[in-house]
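Only one structure is covered here, and it is reproduced in the block below.
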Amino acid sequence: MAPEKLPFLPSLLLPLLTLLLPQADTRSFVVDPDHDRFLLDGVPFRYVSGSLHYFRVPRVLWADRLLKMRMSGLPDISLPWALLTFSFLSYVPWNYHEPHPGVYNFNGSRDLIAFLHQAAIAKLLVILRPGPYICAEWEMGGLPSWLLRKPKIHLRTSDPDFLAAVDSWFKVLLPKIYPWLYHNGGNIISIQVENEYGSYRACDLSYMRHLAGLFRALLGDKILLFTTDGPEGLRCGSLQGLYTTVDFGPADNMTQIFSLLRQYEPHGPLVNSEYYTGWLDYWGQNHSTRSVPAVTKGLENMLKMGASVNMYMFHGGTNFGYWNGADEKGLFLPITTSYDYDAPISEAGDPTPKLFALRNIISKFQEVPLGPLPPASRKMMLGPLTLHLDGDLLAFLDILCPRGPIDSILPMTFEAVKQDHGFVLYRTYLTHTVFEPTPLWVPHNGLHDRAYVMVDGVFQGVLERNMRHKVFLMGNLGARLDILVENMGRLSFGSNSSDFKGLLEPPILGQTILIKWMMFPLKIDNLVKWWFPLQLPKSAQPQAPSGPTFYSTTFPILGSVGDTFLYLPGWTKGQVWINGFNLGRYWTKRGPQQTLYVPRPLLFSSGQLNKITLLELENVPPRPQIQFLDKPILNSTLHKTYIYSLLADTLSTPEPMRLSGH
């Protein structure tokens, strides 16, 4: 029976029946230290793998992406005696599966077991990286933000509060994947413990030992456990009993780094667990790329050395919703919605010239599958479409926060009011008349991350973490001051401390510390998904709409539906929903990303109406129109002088922003 035609079976049986490999009691994946290699079922083995994150791809497109990876030039795993075998690597983000303490979600696009099954159908081995911290440029590096409800918690250490939460999570997750371990008949050949821990400031070996013991207790002694770190992180990231691997990119000195690795792992195969095929993008920076010759040359040299390699990323995907992470490199740098990564398979799942070049390199070491790669998906153009005003955000406050505000003398953080993502509205009233323009500011860089300031409903301007420190206000005694704060993504890498969101310090107006605040945690996704379809009455069109405002329109697609890219010329910054699905952030004015990827499964065909909703946070263009394009625009950044103007409050002499790697 072909794997593709298997009937529904209990998940415990699926790995055994889909892989068609030797029986579980004869299967093994181990390190052969005497010959510096892996052994798969006793046969010499190495892998070339590619990273793909199921949480960045809609579930209905998993099979398409996995097939394209499978067809990228490596042999069928039903031939385990082959020297070189293709696999893929994926993280498991804790915060994606445990949104609230003790509440777990493995449904829909969060169905990890269905994803492993889909990989088995594609005949791919799996390297799993369950964290608990994963980085991945993902919100808070995959750690759930509810951990920060205990403000003194020390993340990624042997802090009892952190370990208790980790233990609870892994006692749910690891038993789910246990049947899928290779020696049990599944397709998971190895599992990573933590992630790049040597780059974290703590260097807590007790924590790493605790994790290693927990993994062994729940998964047994037969599964290969490993760590990965950059060269500078090997000292604190490696641990005896866990196989040590390293990560680096095409521009790094391969010989020097592998020699350093040998100081920590003297025997066994050389492994680069993250060979960077591209790089991430930050808002306000250029779109990152890695040249095809550099990437292919590095891969070929590693394969000549007999190393096993994982290409990060092979298919990047998208940071839908609010899931992007951020870095702190002198400035707070949130990551774009697109996670295209200049990867061999594009954000839309299409083969790129880099993919064909890598396939050619692999063919020098192993026969590649016969037949062409699946073609690019059909793309669609539509528009321009004119959007209509639904109303300003404040008009929907009762629906956005049905339980009403939380009162406090001092402002409370997102974590304190149990708001994980999105927006919180902070409200107070002026205690005296402000006759002249007076600066409103938040001391000690205490705004995380971006604030939209209104007085009596009139938009006044923007405050921004590290960049825009003041807005000048006037107002009468009793005037209502509203500050809408946006969480732009929690820090996801490095020696960062806990990244609390919201107003961490009380704002100051002139010399007056503002107190007596009301906090409104906003459920904007609920408004868009459940209330807007009821066609609430439209607000009158203001002469110059500005500030947080909702716009929407409906449109049919009369022909066949294809993938497309939403283009928002003239819009400033905000959030987009298609048919109630949170597509992610746009920031047209800042760039580099100008279009948002819209996968075809999100759209209705046959003339059924689709609905697009925008929350524009700053300024609406004179003609509030959008278009759907058949190509993405990922590299259109405003001139650096614009960024420097934002830094004027922070840097006396602006310098070009230098961005280092992970």
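Placement of Cβ uses the backbone N, Cα and C atoms for every residue, glycine included.
No curator has checked TrEMBL annotations; they are predicted automatically.
Marked as active site, proton donor by TrEMBL: Glu196.
The annotation active site, nucleophile is assigned in TrEMBL to Glu274. Around Glu274 (active site, nucleophile), a 10 Å sphere centred on its CB holds 24 further CB atoms from the protein chains shown.
For 38-364, the entry in TrEMBL reads domain 'Glycoside hydrolase 35 catalytic'.
Annotation comment: TrEMBL describes 411-523 as domain 'Beta-galactosidase 1-like first all-beta'.
For 548-604, the entry in TrEMBL reads domain 'Beta-galactosidase galactose-binding'.
According to TrEMBL, the feature signal peptide maps to 1-28.
Here the domain 'Beta-galactosidase 1-like first all-beta' (411-523) has a mean pLDDT of 96 out of 100. Cβ contacts within 10 Å of Glu196 (active site, proton donor), excluding its own Cβ and spanning all protein chains shown: 24. Counting only the Cα atoms, the space from Glu274 (active site, nucleophile) to Glu196 (active site, proton donor) is about 11 angstrom.
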